[in-house]
Every structure is written in structure tokens, then in C-alpha cells.
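**Student:** Mind looking over this structure? Questions follow.
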Amino acid sequence: MEETPVILVTAGYDHTIRMWDALKSTCTRSIQYTETQVNRMALSSDKHYLAVAGNPRVSLYDVFGTSEAPVLSLEGHKANVTAVEFTHDHKFLATSSEDKTIMWWDVYAGSCKRILHNGSIVNDIAIHPDGRQELIISCDQNGAVRVWSWRRQEVLCQVIPESDVAVRSVAVSPNGQLIVAGNNLGQVFAYRLIIESSPQTGRTVELEPYLKFDAHDGNRITRVVFSANGRLLATCSSDRTAKLWEFTEGPVMSANGSREEIIQAGAALVHTLNYHHRWVWDAAFSSDSGYLVTVSTDTRAALWDVNSGEVIRQFKGHQKGVVCVALNDSTM
């Protein structure tokens with residue numbers, strides 16, 4: 001085995017998980033996942049485990065194994081599992097579901113340690129990168145974005161970006177300071193995550209509005225993903241495109257015309273990625289933020305050069321729509 005192999009995995013409606021040689025665009029391993037479609041996947045940071053979210057369980061596979069059987073099956077959800085994510089130390093796993101819960105799992109014990117009851121279908125989750133904060137961010141079908149303490153099993157703060165509009169995806173910037181959510185109307189909402197502590201009040205957590213912009217002209221956003229360096233945001237959509245955005249900040253004129261220190265945030269469109277013929281469901285950046293993989297209901301995956309916005313590899317082999325991708329090319 002190579003010291004630092006590139007692990008690229010795709011899956012979707014054809015009940016097949018495919019692992020790829022990213023340089024040759026060839027499939028190196030297939031796993032039949034016959035129970036249900038695959039909704040989401042995640043790779044552990046050490047590249048050892050692949051977590052696969054189905055309905056209603058999560059299965060863990062040995063990435064370098066030869067068996068099609070999972071090494072662990074996490075039972076507990078009662079409906080479709082919508083998202084799955086490892087902690088950076090790959091000891092724990094968070095999952096969300098249409099059963100209106102978020103679960104926190106001990107990977108080595110194979111057991112659920114916490115259950116968070118959301119009250120609405122949970123569409124996506126993101127674990128805060130600073131493990132000491134013990135935070136999970138969620139978004140749901142009722143339009144709420146919530147920050148949870150998974151240990152205390154309680155909501156610390158929440159916002160509703162747009163009343164009665166489902167929030168489809170949520171992401172946390174690598175530095176943990178920015179939360180981004182995308183909804184069914186093609187809108188992106190960004191919030192500053194403010195965490196303060198004092199002996200008198202303890203820890204307080206707030207979501208401060210930072211930026212709102214229309215990313216996909218009223219078409220549903222299916223996924224929002226930060227690049228590893230935090231400079232870019234990828235949005236995927238039902239409009240058959242993915243887009244790359246860069247957040248900007250600059251001084252603006254005050255209402256009376258004087259140039260005061262008023263800093264306004266913005267989002268600059270870097271590239272519109274046109275290749276897919278149907279909905280784009282998921283995306284994953286390379287560890288150096290130089291490449292992006294997208295997947296679509298058109299059965300294809302595409303590898304993009306972020307600088308040029310051009311497709312440099314195509315991955316074909318799925319017989320039905322591809323809805324999720326996982327990529328780990330980091331060096332340990």
C-alpha cells in the first residue's frame with residue numbers, strides 16, 4: 001500500500017459503492033450495498049474507515065479490506081440517515097436522520113452515546129473542528145439552523161434564515177468561525193459563530209448574521225462545502241451546476257457619504273462549473289484546495305481544477321444517479 005494513497009469513493013442509487021484511482025479514472029473496488037440507496041459517506045482522517053449512511057443504519061467499511069461486508073453496523077436510527085461525519089481523531093461519529101434525531105457514536109465501541117431530539121427532519125450536520133467545544137451544527141426541514149452541545153444534549157442557539165423554507169445543507173469553516181447554510185430557494189446564509197466564556201455566565205454561543213446571497217437563482221441548493229484552506233465555498237444545486245465562491249470584505253461609504261470604518265462582507269463568484277446534465281448532489285475538495293470532485297444524478301463524477309474551473313477527469317461506471325462522494329488525499 002502507498003504511504004499516502006488518494007481515497008476517492010462515490011455511491012448513489014445503483015446500490016454500488018465505487019472506489020477509484022483518481023489519476024487514471026478507473027474503478028479499483030466495488031462494494032454492493034443492496035439494502036438501500038446510499039445517502040451520504042465520510043472517510044476517517046486516517047483513511048481506514050468509510051462510513052456509509054443508508055436507511056436506517058450506518059455501515060463502516062475497511063477501506064483497504066477485501067470483504068464486501070461492513071466491519072461495523074450502527075443501529076439506532078428509525079428512518080433515512082441524511083448525513084454522517086467523523087471527528088478529526090476518528091474516535092467518534094455524528095449522524096442525522098429523517099427520524100428527527102442526531103446521534104453521537106463511539107466508533108470503537110460501536111455504540112450510541114448521545115441522542116439529540118430535533119423535532120423536525122434533520123437534513124445535514126457539521127461537527128465543529130475544535131473538539132474541545134463539543135459542538136454540532138444542524139439544519140432541518142422546518143428551516144432552522146441550530147448549534148448543539150452534543151455532550152449536554154441541548155440547543156445552545158438557533159436561527160431561522162428564511163421562514164418556512166427548508167435548509168438543505170450546512171458547513172463550518174475550517175477555523176470554526178463561520179457557519180454557512182444553503183436552502184431550497186438557492187440562498188446562502190453565512191453567520192459568525194461567537195463563543196464567549198465568563199465565570200458569571202459560563203459559555204454563551206451566538207450566530208451573528210454575516211452575509212446572505214442568492215447563489216442559484218431560486219433553484220434548490222443540495223450541498224455547501226468549504227475548501228480545506230477556508231478560502232472557497234462550493235455550492236451544489238438542482239440547476240445542474242456547482243459554483244465556487246470566495247468571501248470578500250471591504251470598506252463601504254456610510255449613509256452620509258463619509259468614508260467610515262464600515263466593513264461589508266460579500267461573495268464573489270469564482271467559477272460556475274458546467275458539466276453535469278442533471279442535479280449536482282455533492283462535492284468534496286482535495287486537501288490542498290486545488291481540486292474539487294462533484295457527483296450528479298447523470299451517473300457521473302467529475303474532477304475539477306479549481307484554478308481554471310475546468311474538468312480534468314471523468315468517472316463513469318455507475319448505472320444510476322450518484323448522490324454522494326468522499327475524498328481523502330491528505331498526508332498524515
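The backbone N, Cα and C atoms fix where each Cβ goes, and this holds for glycine too.
All TrEMBL annotations are machine predictions without curation.
In case it's useful when we look at the structure, here is the feature table from TrEMBL:
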- 1-30: repeat 'WD' (REPEAT)
- 74-115: repeat 'WD' (REPEAT)
- 221-255: repeat 'WD' (REPEAT)
- 273-314: repeat 'WD' (REPEAT)
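Walk me through the surroundings of each of these features.
**Tutor:** Mapped onto DSSP classes, the repeat 'WD' (1-30) shows 0 helix, 17 strand, 13 coil.
If you average pLDDT over the repeat 'WD' (74-115) in this model, you get 97.
When Cβ-Cβ distances below 8 Å are used as the criterion, the repeat 'WD' (221-255) is approached by residues 168-175, 178, 180-184, 186-188, 190, 211, 215, 261-274, 276-289, 292, 294, 296, 306, 309 of the same chain, each at least six residues removed from its ends.
DSSP assignment over the repeat 'WD' (273-314) gives 0 helix, 24 strand, 18 coil.
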